[in-house]
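Residues or ranges marked as domain 'N-acetyltransferase' by Swiss-Prot: 1-144. Feature annotation from Swiss-Prot assigns CoA binding site to 74, 75, 76, 115, 116, 117.
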């Protein structure tokens, strides 16, 4: 398993296909809500692809909001879950943020995945709320050891 930063339009398109498969087709999110102004190669987000045996099976993005790294659109194709790739993705996103001298992180995690994020040091920081018909919570993490 490995992760790489997306640097080509082809890889960005691959990431979009993974997001479409997970969020739109599997979870029923409206496609109009899945893609936004941050989905560009040279914008404010850094996108990544996660690979299992050289096959792209997961993706995510991260952007800096204020003095916090906001982890977004974390997803893995269904048949590749439960192999530790989620931790690999989150670790990679956190490294990207730390490279910019920032040690605070946040994400809107699906409530059913909150336990996973808690194991990685995140804490629930909000009441449950709905995004695209799916329950979410705000989760935050401070990692001062990174600086």
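Backbone N, Cα and C define each Cβ position, glycine as well.
Taking each of the binding-site residues 74, 76 in turn and counting other Cβ atoms within 10 Å of its Cβ gives the largest count for 74. Maximum intra-site Cα distance, CoA binding residues 74, 75, 76, 115, 116, 117: 17 Å. Cβ environment of residue 75 (CoA binding site): 18, 19, 22, 23, 58, 59, 60 lie under 8 Å away, each six or more residues apart in the same chain. Of all the binding-site residues listed (116, 117), 116 has the fewest other CB atoms within 10 A of its CB. Other C-beta atoms found within 10 angstroms of the C-beta of residue 115 (CoA binding site) number 9, with every protein chain shown included. Confidence annotation: the domain 'N-acetyltransferase' (1-144) carries a mean pLDDT of 95 in the model.
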